[in-house]
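Down below is the structure, laid out as structure tokens.
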Amino acid sequence: MEISDFSSMKLNSRPELIDFEGISMIHYFTDNWEKVKNFQARPDDILIATYPKAGTTWVSYILDLLYFGNESPERQTSQPIYMRVPFLEACFEGIPFGTELADNLPTSPRLIKTHLPVQLVPKSFWEQNSKVVYVARNAKDNAVSYFHFDRMNMGQPEPGDWNTFLQKFMEGRNVFGPWYDHVNGYWKKKQTYSNILYMFYEDMVENTGREVERLCSFLGLSTSAAERERITKGVQFDAMKQNKMTNYSTIPVMDFKISPFMRKGKVGDWRNHFTVAQNEQFDEVYKQKMKNTTVKFRTEL
């Protein structure tokens, strides 16, 4: 399939939030629900799960390089990452749905991405004991990144100004529901399902090489130190931001004049957005929402 297939992606207007299975969603991720729900996972599938804007593309690219970087290097220059790692629940008019792309992947293992909260992940992934790589990012930076993403992506609801968006974020009125429930849901699942690797965006920024090693160890991959180093260099933020195959510049519904898909990739950028009052309110809400969990985040390095 050619890259140009995505240029026929059609959107008439920004979607409205809808309530779906108890969380906020948009129809682009629910219109194909029967097929998503009944998706047939395989034992060697690798599901990359994150809340939006938490490092999905980064981990997708690392995994793609680990598995296919050597055996089919042409993938890296001819196919954008969203074709190599299909977005399972996506169904936009004019392009193949995520389930169809995943079903037709020629590779093994199949790398598949989702933003679904844990309770909505197709049950065949658990039944087949597929491996799941979850990436979590601290709530403050995640909120900032999501705000800029919503501004530039016409496939997302209108975000309003920063303060409006932040209030919605704290209330969990974002596409894919509350951040708090998302990160906690997968953290809890990890206690009963051993095939989840729970990663933190902040750890990846701090030491990408170390986290690539953790991935290899979880996936049972034996890669040489030289190979891991080559991959670590290739997935640095600035390299990916310039790379047409990873920066989403080939998707017409994203307006890069407003904000690039890959903006800063830093830890602590929230300090440039939160006022003192917003920060105090956010901390208060955070304490309430996260009081029954052991998962801990770093908001700066």
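The backbone N, Cα and C atoms fix where each Cβ goes, glycine too.
Pulled from Swiss-Prot, these are the features on record:
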ACT_SITE  His115  active site, proton acceptor
BINDING   53-58, Arg137, Ser145, Tyr201, 235-240, 263-265  3'-phosphoadenylyl sulfate binding site
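Shown here: features listed in Swiss-Prot, placed on the structure.
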| residue | record | CB count, 10 Å |
| --- | --- | --- |
| Lys53 | 3'-phosphoadenylyl sulfate binding site | 23 |
| Thr56 | 3'-phosphoadenylyl sulfate binding site | 22 |
| His115 | active site, proton acceptor | 22 |
| Arg137 | 3'-phosphoadenylyl sulfate binding site | 27 |
| Val235 | 3'-phosphoadenylyl sulfate binding site | 22 |
| Asp238 | 3'-phosphoadenylyl sulfate binding site | 9 |
Distance [Cα-Cα, Å, rounded] between Lys53 (3'-phosphoadenylyl sulfate binding site) and the residue listed as 'active site, proton acceptor': 10
Nearest recorded site to His115 (active site, proton acceptor) by CA-CA distance, among binding-site residues Thr56, Val235, Asp238: Thr56
Collapsed DSSP category at Lys53 (3'-phosphoadenylyl sulfate binding site): coil
